[in-house]
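Trainee: One structure is given below, represented as structure tokens, and several questions about it will come after.
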Amino acid sequence: MKLAALLTSAGINTAVSVVLFSLYSVLRKQPSFVNVYFGAKIAQVRSRQQDAFRFDRFVPSPSWILKAWETSDEEICATGGLDAVVFVRMIVFSFRIFSIAAIVCNFLVLPLNYFGKEMQRHQIPAETLEVFTIANVEEGSRWLWAHCLALYLVSCCACFLLYLEYKSISRMRLAYFTSSVSNPSYFTVLVRAIPWSREESYSGTVARFFTNFYASSFLSHQIVYRSGSVQKLVTDAGKVCKMLKLTPRELHIGSNSMRCGLCGTTASFSMLPMDAEGDKGRSDFGGSDLRKKESAAALVFFRTRYAALVASQSLQSRNPMSWVTNLSPEPGDMYWSNICVPYRLLWIRKVAILVASMALVAFFIVPVSLTQGLVHLDKLQKTFPFLKGVLKRKAMSQLATGYLPSVVLIIFMYMVPPIMLLFSTLEGSTSRSGRKRSASIKVLCFFIWNVFFGNILSGSVIERFSKIFKDVNYLLATAVPSTATFFMTYVLTSGWASLSCELMQPFGLLCNLFYIFILRNKDVTTYGTLTFPYHTEVPRILLFGLFGFVYSTLSPLILPFLLVYFSLAYLVYRNQILNVYVTKYQTGGTYWPIVHNATIFSMVLMQVIAMAVFGLKKSTVASSFVIPLIIMTLLFNEYCRQRFQPLFMQIPAQILIEMDRQDEQNGKMKEIHQKLTTSYTQFKSKSRTLGDPMPPNNSCRLEDLEINPGSNF
């Protein structure tokens, strides 16, 4: 690929980003789209909406950029919780380390790469991108020491910054524990695999067991009842039957009636209620049926936090597969349908999901190979001669090599996060946050293998299939630098353009237009809200971090594009956290260990590939000097794992004991015990219907949602 093709891709993505950013600054001012771009504020502000026409509503403005820049981490934490702060700190860490890498590598390594061989020079736009990579350095060149020095500088700075971030976030997590005094999950233990008995119900078995063995600390318990999609289908079928029996007058009086804007008829139709995310475990069977719906799981409440911690970490019986205990998730974090899954079946589900994930990875090798075929046009033309005429045109060649490969791959990649989230749900996670964390790890592993290694291997397959399995070291040393050009365009397309789409919220925008023009429902405050998609965005940020580490010394030209991406991501995601996404539960920053482990993996991979490249370039001394760096990086990771990771796995007993003593001295313990029994509500009497208007005091005025550029919200 020539530099002109890369500039073509950069120009296209820059134009798309500017247009979408400008369009977003206009659409966010429109009253009809307030629910799309201010979902978080709708949940907070109570006022009246006005649709007055103002000319400034149709003029792009940078007010949202200034607001996102000026917002402090304390405000981010108050709005999105500690998880949102961790996500922003991940972007800040990436920007800092790659700023250092860009300064070191672009001023030290890049000139050495460009002048690494004696060759005929062309004008800069006509140069191929390979001349800017380490592949252009001659074998045995003494300048490879500069690459080794840059590798040490980037690795040491990354470890130092990573340690500071881990230490800072650990301190935030401890502060999160101490500030969550009234969190009912500290008093609650989730018990699964309760033994079945013919003589008594599950509820009686739980009461007898904990009264016998935890008499001094046991407070009460709550049985979890079976519920799920099947029960919801039965309930909805009953509602349909009732609606069919209603007269037209009775049907019109209902609050769920809407008019169809597609066919133009004035006759109204009714919509079945859609359960909110927190109501998915709702059931409509009566109290007499609850006894029959008991599952082998229960929530057990203890008198103190420390007693609940001890019970959750203890082996309760001689059979480890019965009376399994863990600290309960927060009430809003409970995933009720998975709690009812028999504990003995969980390992089978995990094995099945592992097999399904491997099959999905194998399936995606096809589109990955297709994208690499577009990068290697010369080899593609040999395989498909009929493409020679089309690809001889300069514009088509630049478009095919600089833009289309990453677009094709991105289209296929959008299918992955929803599938992995489904897999994580089927695994049996008892919390919504645990489900998203599991999906984040799956998506990250998928991206690393299919986007990074898949493109490297598929590019090598096109060039030399017979040598792939003979020398892995040779493969890494030659294939990784040659694929740097593709990942530059991938950063441009998947990075810059994806941020524009994140701002625009195209899916929410289409749904909004559907409700307004098809369903004729102009009450924009009646639609649902979104939670932050950590399982999609965390893997994407970490994947770009992997690109930055691996290619910092091999092809430093990628670093400026990454810095632009992280700068835009910092502003875009802070804006989305403040205005769009609603926080329904928190995990206390448990995403950071994923970030740390992925960063260590990227650093070690960078060092291993650099060692292989140095060996290929016949610089054995430089290659040998990388080995101590790998060992030091692994030792640093082990230290962090011992020093910080336990804080993200368990709650310190010291903090819980101090909180218990403070509540007992202040006389608050009795009040806390009274609230415990009503904290976890599996069944709700009703859920808000999609077409139901909100109460009059919950509607939102545009001036209060920062739609006016002069607003100080």
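Cβ from N, Cα, C; glycine included.
So TrEMBL has the following annotated:
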DOMAIN    5-164  domain 'CSC1/OSCA1-like N-terminal transmembrane'
TRANSMEM  6-27  transmembrane segment
TRANSMEM  97-115  transmembrane segment
TRANSMEM  143-164  transmembrane segment
DOMAIN    187-338  domain 'CSC1/OSCA1-like cytosolic'
DOMAIN    349-614  domain 'CSC1/OSCA1-like 7TM region'
TRANSMEM  351-370  transmembrane segment
TRANSMEM  403-423  transmembrane segment
TRANSMEM  443-462  transmembrane segment
TRANSMEM  474-492  transmembrane segment
TRANSMEM  504-521  transmembrane segment
TRANSMEM  541-573  transmembrane segment
TRANSMEM  594-615  transmembrane segment
TRANSMEM  621-640  transmembrane segment
REGION    680-713  region 'Disordered'
Trainee: At an 8 Å Cβ cut-off, counting only pairs 6 or more apart in sequence, do the transmembrane segment (143-164) and the transmembrane segment (6-27) clear the bar of 3 or more pairs?
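Mentor: Checked: the transmembrane segment (143-164) vs the transmembrane segment (6-27), no contact.
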Trainee: Within the domain 'CSC1/OSCA1-like 7TM region' (349-614) only, compute the mean pLDDT.
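Mentor: Computed over the domain 'CSC1/OSCA1-like 7TM region' (349-614), the mean pLDDT is 79 on the 0 to 100 scale.
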Trainee: Can you say which of 6-27, 351-370, 504-521, 541-573, 621-640 has the most Cβ pairs under 8 Å with the transmembrane segment (97-115)?
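Mentor: The stretch with the most close Cβ contacts to the transmembrane segment (97-115) is 541-573.
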Trainee: Can you name the far-off residues of the same chain, 6+ from the ends of the transmembrane segment (621-640), with a Cβ under 8 Å from a Cβ of it?
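Mentor: Distal contacts: 144-145, 147-148, 151-152, 155, 159, 162-163, 166, 596-597, 600, 603-604, 607-608, 610-612, 614-615.
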Trainee: For the transmembrane segment (351-370), what are the same-chain contacts with Cβ under 8 Å, counting residues 6+ beyond its ends?
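Mentor: Long-range Cβ neighbours of the transmembrane segment (351-370): 408-409, 412, 416, 419-420, 423-424, 426-427, 442, 446, 449-451, 454-455, 458, 461.
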